[in-house]
Amino acid sequence: MAKVYYEKDVTVNVLKEKKVAIIGYGSQGHAHAQNLRDNGFDVVVGLRKGKSWDKANEDGFSVYTVAEAAEKADVVMILLPDELQPEVYEAEIAPNLQAGNSLVFAHGFNVHFDQVKPPANVDVFLVAPKGPGHLVRRTFAEGGAVPALFAVYQDATGVATEKALSYADGIGATRAGVLETTFKEETETDLFGEQAVLCGGVTALVKAGFETLVDAGYQPELAYFECLHELKLIVDLMYEGGLENMRYSVSDTAQWGDFVSGPRVVTEDTKKAMGAVLAEIQDGTFARGWIAEHKAGRPNFHATNEKENKHEIEVVGRKLREMMPFVQPRVKVGVK
C-alpha cells in the first residue's frame, strides 16, 4: 500500500523562503500559482507572450519570460504540455538552473523517458494533483483539497523529499493526502490508464456497442443514448462510491446483466491485450512513437482525429445534444 502524508507530517516548510516559478498558466498552472500564493509562497509566472501572460498579469502575478522566471527562482515547476517541455527546458530553463535549485513536474513522462535530462546538482521531484486545475483551485478555496502524488527522482541537496512535501502542502494537497510513488510508477500507470481504460478503452467500447446496435437495425439515436449518453450516469456512481455503489444504485436487471455479460465482453483476451499495451509503455515503444509523431508534425494524429470526428456516433451525438441545452462541453472542441 502507498505511504500517505498529511498536513501534520509537514512540520517545516523548507520552501517558504524560496521563490517559486510556475512555468505555464493553464489548467494546473493557474491553480498551483494561486494556491501557493494564498499559502504565503513567493510566486512568479514564466510564460511566452500571449493570452496566458495577460491573464496571469490580471490575476496579480509578476510575469516574466520562461528564461527570466527560471533565472530568478529557486524552484521551477514545469506545467506545460508534455510535448513542449523538452524544447522549452533546453532553451530557456536548463541554462538558468543553479546548484541546489529544484526542478519540479506534475507528470514524469519527459524525465522517465529521457527527454529532459536534469543536471546532477539540482533536486528533481514531481507533485501531481489527481484532478483538473479548476478542481484543485476550487476545493482549496473552500478549505478542502484534491489528493496528489509525489515522487523524488534526484536528491541533490538531501532534502528533496521535504521540498516535495512542502510544495504539496503549499497547493493544499496535504489536507486530503499525498501518496508517495516513483517517476516510473506515476508515468507508466498514468499512460496505461489513459490508453487501456479512460480514453482508448472507453472510446473503443462505446463505439463497438453503438455499431453493434446500429448494425442490428436499431435507430442510431437510441444506440447513442444507451452506449454513450448514459455512460456519465454510471461513471458518476462509480466515482462517488466505487463499483459497489453503482451496482447498488442500478436496477437488479442491470446488475445481473453486469454479472453475466460483462465478462463476455471484456475477456481474458482483453486483459492479454491490456498487458501488451502496458509492455509497450514500459519498454518505451509508445513514448518513442509519440515523440516521433510529434516531431514529424503529427500527420497520423491529425488524420485519425479527423476520421474519428466523422464517425456516425459523433454525427448523431451533435444533433441529439442540440435537444439538451443542459449538456455543454467544458472546452471548445477544435484542432489541437
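The backbone N, Cα and C atoms fix where each Cβ goes, and this holds for glycine too.
Not measured: the values here are computed from a predicted model.
The domain 'KARI N-terminal Rossmann' feature in Swiss-Prot is assigned to 2-181.
The NADP(+) binding site annotation in Swiss-Prot covers TYR25, GLY26, SER27, GLN28, ARG48, SER52, ASP82, GLU83, LEU84, GLN85, GLY133 and rests on sequence analysis. In the three-state DSSP scheme, GLY133 (NADP(+) binding site) is classed as helix. Neighbours of GLY133 (NADP(+) binding site), defined as other CB atoms within 10 A of its CB across all chains, total 21.
Around HIS107 (active site), the C-beta neighbours below 8 angstroms that are at least 6 residues distant in the chain are ASP82, LEU126, ALA128, GLU186, THR187, ASP190. If you look up Swiss-Prot, you'll see HIS107 marked as active site.
Taken from Swiss-Prot, the feature domain 'KARI C-terminal knotted' covers 182-327.
Note on ASP190 (Mg(2+) 1 binding site): other Cβ atoms within 10 Å of its Cβ, all shown chains, come to 18. Taken from Swiss-Prot, the feature Mg(2+) 1 binding site applies to ASP190, GLU194.
What Swiss-Prot records for ASP190, GLU226, GLU230 is Mg(2+) 2 binding site, and it gives sequence analysis as the kind of evidence. Of all Cβ atoms in the protein chains displayed, 11 besides its own lie within 10 Å of the Cβ of GLU230 (Mg(2+) 2 binding site). According to DSSP, GLU230 (Mg(2+) 2 binding site) is assigned to coil rather than to any helix or strand.
In the shown protein chains, 8 other C-beta atoms lie within 10 A of the C-beta of SER251 (substrate binding site). Feature annotation from Swiss-Prot assigns substrate binding site to SER251; the stated evidence is sequence analysis.
Counting residues of the domain 'KARI C-terminal knotted' (182-327) by DSSP class, helix then strand then coil, yields 122 helix, 0 strand, 24 coil.
Counting every protein chain shown, the number of other Cβ atoms lying within 10 Å of the Cβ of ASP82 (NADP(+) binding site) is 19. The two recorded residues, SER27 (NADP(+) binding site) and GLU194 (Mg(2+) 1 binding site), show a Cα separation of 18 Å. Rounded to the nearest whole angstrom, the C-alpha distance between ARG48 (NADP(+) binding site) and GLU230 (Mg(2+) 2 binding site) is 41.
Contacts of GLU226 (Mg(2+) 2 binding site) defined by a Cβ separation under 8 A and a same-chain sequence distance of 6+ are given as GLY209, LEU213, in order along the sequence. Rounded to a whole number, the distance between the Cα atoms of GLU194 (Mg(2+) 1 binding site) and TYR25 (NADP(+) binding site) is 23 Å. Under the DSSP three-state reduction, HIS107 (active site) is assigned to coil, being neither helix nor strand.
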